[in-house]
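Under the heading active site, nucleophile, TrEMBL lists ASP16. Under the heading active site, proton donor, TrEMBL lists ASP18. For ASP16, ASP18, ASP214, the entry in TrEMBL reads Mg(2+) binding site. If you look up TrEMBL, you'll see LYS189 marked as substrate binding site.
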Amino acid sequence: MSETNWLKDCEGFLIDLDGTMYRGNQAIPCAREFVEWLNRTGRKYLFVTNNSSKLPRQVADKLSGMGIPAEEEHVFTSSQATAMYIKDHAKLANPTVYAIGEEGVVAALEEAGCRFDEESPDYVVVGIDRQFSYEKLKTASFAVQKGAIFLGTNADKRVPTEEGLAPGAGSLSRAVATASGVEPVWIGKPEARMVKYSIKRLGLIPEKTVIVGDNLETDILAGINAGIRSVLVLTGYSGMQDAQQTLHKPDLIVKDLAELISKCEN
């Protein structure tokens, strides 16, 4: 039996974006062909991203603009996963939330039926917020100290920009954690929660799902934490040397998405 025989039985793919489908505003070779192959063979899939700022429609539009087929329903963000966590754990039907974040966070929470409250919220949610301020930090800190459940959309401390590495959502959550003395519940990759909610969205089981990404510390570790198979593509952050040295071993390493298609078919 082939060592990649499990790929042929895979019914769902959780796909990272930056470094896997594109770099910056440029599609990675075979990204379009990979999605077309998924559609042609009837596989279910989600583009799973730690980006909390964007609406799913905006993410899909970016992919489409690079020639990669994408629909809003195929996008799953850390904001959406955070909203699912609240729906699963809230004691009331319409929990109150104080949110630090941009439109992706706000829209996901609204869609989940959350109400916004600065004074005594049930939850404090922190995502990326480029208008972050001392007042927001103070409000969040006070709410957490009074008992609000503290959620961080993702733990990414830094994000790449044209100017360099900028503070990520994880840095803002860390500020709230320092001020309040309470650690957040992390939602995004590499946490298992993000993967489990993605699988739930697809209506699949872990044994039939694989995560594909370029980062050993987020994508691959997320798969390991959730107990699903993982594929590392060498088109982005992590290289072969990293893969040889890490404790977080993927089930399969491919040079690109074209090789992944070939492995799935042969």
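Glycine too: its Cβ is placed from the backbone N, Cα and C atoms.
Taking the features listed in TrEMBL, we show where each one sits on the structure.
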residue	record	Cβ within 10 Å
ASP16	active site, nucleophile	24
ASP18	active site, proton donor	19
LYS189	substrate binding site	32
ASP214	Mg(2+) binding site	23
(message) Helix, strand or coil by DSSP: which one applies to the residue listed as 'active site, proton donor'?
(response) strand
(request) Determine, to the nearest whole angstrom, how far the Cα atom of the residue listed as 'active site, proton donor' is from the Cα atom of ASP214 (Mg(2+) binding site). (result) 8
(request) Between ASP214 (Mg(2+) binding site) and the residue listed as 'active site, nucleophile', find the distance joining the two CA atoms and give it rounded to the nearest Å. (result) 7
